[in-house]
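**Student:** Questions regarding the structure given below will be posed in turn.
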Amino acid sequence: MSSAKLGSASEDVSRRDANYHPTVWGDFFLTHSSNFLENNDSILEKHEELKQEVRNLLVVETSDLPSKIQLTDEIIRLGVGYHFETEIKAQLEKLHDHQLHLNFDLLTTYVWFRLLRGHGFSISSDVFKRFKNTKGEFETEDAWTLWCLYEATHLRVDGEDILEEAIQFSRKKLEALLPELSFPLNECVRDALHIPYHRNVQRLAARQYIPQYDAEPTKIESLSLFAKIDFNMLQALHQSVLREASRWWKEFDFPSKLPYARDRIAEGYYWMMGAHFEPKFSLSRKFLNRIIGITPLIDDTYDVYGTLEEVTLFTEAVERWDIEAVKDIPKYMQVIHTGMLGIFEDFKDNLINARGKDYCIDYAIEVFKEIVRSYQREAEYFHTGYVPSYDEYMENSIISGGYKMFIILMLIGRGEFELKETLDWASTIPEMVKASSLIARYIDDLQTYKAEEERGETVSAVRCYMREFGVSEEQACKKMREMIEIEWKRLNKTTLEADEISSSVVIPSLNFTRVLEVMYDKGDGYSDSQGVTKDRIAALLRHAIEI
């Protein structure tokens, strides 16, 4: 508990304190700048030359389909597929022939299946049946093939028993073989067993795979070099955007004005970069980074520091969405309110109106109001002692987890759709958005409920499930992990069924879910970013790849 007083906060109120650590970065990203592109026109020329070479490799006609499948997959895994979206789509459409696999070996079939399903093509898992023996069992001891099989199984949907068998078979085999494997296959397998490619942050997966591919004797030199140069060029761009975000953060001086809250602007950028890293979305990342920076300040105010009376005043001010409302909230909250309105005004002026889609700002504001309402309900749970049912808790937490909001804001920021119906559809929390939000909630609660209980919280998915169904803590946690797998299968299914209206939601839903999987894989990597999160941010945003 804390009795610290901020602004006009009441002196006689005992306040909680989550004891979040200060930023691990200090002013590093405020001043850091890559010199990779400085006075180096030759790098830009080489990049363009290599890009054309890789494009030629991709589009050249060949009867060697296994090699073309492998090349397409490597281009994507190396993180350079965004340069060749049209060419890759054309190749995948050619490969989407249900009879092709009859001529493929095990390894090629597994890669082909994952590649096509991963891009929304419907492929039956029955293609795996011909690789079973007369006893109906998978049988292969080849580590590379097992790795590809294991990766493919994570595209499964509900009811695909053959893929359930395959994941158990391949995982058991790979765990036994791992100590005997050498680089680079050992790292490929270790990475997959920890977080499979389909669930990994694509930029982080590329950073891991670039040195692995570079060590393969069969690598294509031009592709390997192109991936390294492209990574470093993109890193320089991201550093520039993060530097601007850090400057904005420092100007508002959030850390000193709100010392109880998480100071995580770099971690927020890592989150948004994981969701969409491509250069053409720089403006969108700028806006979303500010949103993901300020949203936890609000969350921590409701969850940790504010009284029920104070947060209720803030909720009312957000509902009014008027600068004049700042006079009706405690002084310490005013910097959040001012920053919040400024973010959305900037978003409207520089991104939304510039595209002639001014109606989007109403969706953006409404979804932000919605998450504040959900924080209000959670504050009421704590301050009144109310314990919601499991379903009631989950219904509210789908919103408070933030993924519906971030998916809709990312849709607006990307601006890749023309139909207003897409925003209307996403706003109803369809299965795709719901699955992403539920995965986020289960993962979050599993990693944070004990820490929250230490500061007085009693409401979480784990505790609500225990209370309602009369099970132990261990059983409830096991159920949450099972639900994560169920919702992943549902998310996979909905992405395969996407139509004109919902197709724009696929990438935001998948990528935000991937970020959560990675950010919380070893604990709450956002709140406590001193360990693996710091290392991952450094790998993506600090350290260039040696060429």
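Placed from the backbone N, Cα and C atoms, the Cβ positions cover glycine too.
The shown structure was predicted, so the numbers you read here are calculated from the model rather than taken from an experiment.
Just lifted these from Swiss-Prot, have a look:
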BINDING   Asp299, Asp303  Mg(2+) 1 binding site
BINDING   Asp299, Asp303  Mg(2+) 2 binding site
MOTIF     299-303  motif 'DDXXD motif'
BINDING   Asp444  Mg(2+) 3 binding site
**Student:** So what's near the motif 'DDXXD motif' (299-303) in sequence-distant terms, Cβ-Cβ under 8 Å and 6+ beyond its ends?
**Tutor:** 18, 20, 258, 260-262, 310-311, 314, 333, 336, 375-376, 378-379, 382, 400, 457
**Student:** May I have the DSSP-based helix, strand and coil counts for the residues of the motif 'DDXXD motif' (299-303)?
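**Tutor:** So the counts come to 5 helix, 0 strand, 0 coil.
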**Student:** Express the distance between the Cα positions of Asp303 (Mg(2+) 1 binding site) and the residue listed as 'Mg(2+) 3 binding site' as a whole number of Å.
**Tutor:** 15
**Student:** Across all chains shown, how many C-beta atoms besides its own are within 10 angstroms of the C-beta of Asp303 (Mg(2+) 1 binding site)?
**Tutor:** 22
**Student:** May I ask for the distance between Asp299 (Mg(2+) 1 binding site) and the residue listed as 'Mg(2+) 3 binding site', taken between their Cα atoms and rounded to an integer number of Å?
**Tutor:** 14
**Student:** Counting other Cβ atoms within 10 Å of each Cβ, which of the binding-site residues Asp299, Asp444 scores lowest?
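**Tutor:** Each of the binding-site residues Asp299, Asp444 was scored; lowest Cβ tally within 10 Å is Asp299.
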**Student:** As a test of reading the model: what is the averaged pLDDT for the motif 'DDXXD motif' (299-303)?
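**Tutor:** Across the residues of the motif 'DDXXD motif' (299-303) the model's pLDDT averages 97 on the 0 to 100 scale.
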**Student:** If you run the three-state DSSP split on Asp444 (Mg(2+) 3 binding site), which class comes out?
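**Tutor:** In the DSSP reduction, Asp444 (Mg(2+) 3 binding site) maps to helix.
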